[in-house]
Amino acid sequence: MSSVKPLVYAVIRFLREQSQMDAYTSDEQESLEVAIQCLETVFKISPEDTHLAVSQPLTEMFTNSVCKNDIRPLSNSVPEDVGKADQLKDEGNNHMKEENYAAAVDCYTQAIELDPNNAVYYCNRAAAQSKLSHYTDAIKDCEKAIAIDSKYSKAYGRMGLALTAMNKFEEAVTSYQKALDLDPENDSYKSNLKIAEQKLREVSSPTGTGLSFDMASLINNPAFITMAASLMQNPQVQQLMSGMMTNAIGGPAAGVGGLTDLSSLIQAGQQFAQQIQQQNPELIEQLRNHIRSRSFSSSADEHS
């Protein structure tokens, strides 16, 4: 019985606070006092037993565990409802495969209404919400899934994706780390964690620009060197460079035609890009792959 005394003490404390409120009639206050005395007698607790007090009031504990997560404390689902809910989940998964995300959200929502304490339904709806760019709703669904099952690694992973999309990289890192704690061998979590950590370093750096491409590797790329050398043999580029040098030496007075030089430079750059595309498409693909890698990966995140 001693193990429940802190709980009973919290109940007594709550009842005593209520009895001192003006919202109750004298008879109601008297009834509360009787209830307090009964509990103190049965569990052998007195007001002096302050060592039984917990850090949070009973009302705050209740709010944190139930109201904050918007989860019904008990499920009234019957077996028929559970079966129907699972069927709706499967329908939602099919809609996800067909990229019909709004319909998927609707199916998962119906499943939740039938079986509100199933973490998978909330987590799957979070995935659909993210596909619709409803990232705040996705995070809320992940939080609900975690409230039901604190060991659900996929909920932490999907919350990390939504947080990354909202540029909340520090929180995303925390979510991915928790997901990896629960599922250490998941390559998707590892990859997304690295991306979030890189993004966090970029935004935290005083000189961060958000660009992480290795320019040194590009410059040292033999194909790039060949293309650059070829470009410099272009008579138009040679004429442009000569004109720019003349303007630089001549000072402001020689700056007439600067806009023309800029236009020529842009045109030369376009020719350079076209030449690379024609002669070395692999280098262009390297640049494209880098751009793609900057987007967080979610394709490997399968649905339950």
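Backbone N, Cα and C define each Cβ position, glycine as well.
Taken from Swiss-Prot, the feature N6-acetyllysine applies to K131. The phosphoserine annotation in Swiss-Prot covers S293, S295, S297. Swiss-Prot lists 15-49 with the feature repeat 'TPR 1'. If you look up Swiss-Prot, you'll see 85-118 marked as repeat 'TPR 2'. What Swiss-Prot records for 120-152 is repeat 'TPR 3'. For 153-186, the entry in Swiss-Prot reads repeat 'TPR 4'.
Through the fold, the repeat 'TPR 1' (15-49) approaches residues 1, 4-5, 8-9 of its own chain, all at least 6 residues removed from its boundaries and within a Cβ separation under 8 Å. Away from its own ends, the repeat 'TPR 4' (153-186) comes close to residues 119, 122-123, 126-127, 129-130, 133, 135-136, 138-139, 142-143, 145-146, 192-193, 195-197, 199-200, 203, 296, 298, 301, 304 of its chain (Cβ-Cβ under 8 Å, at least six residues beyond either end). Regional average pLDDT for the repeat 'TPR 3' (120-152) in the model is 95.
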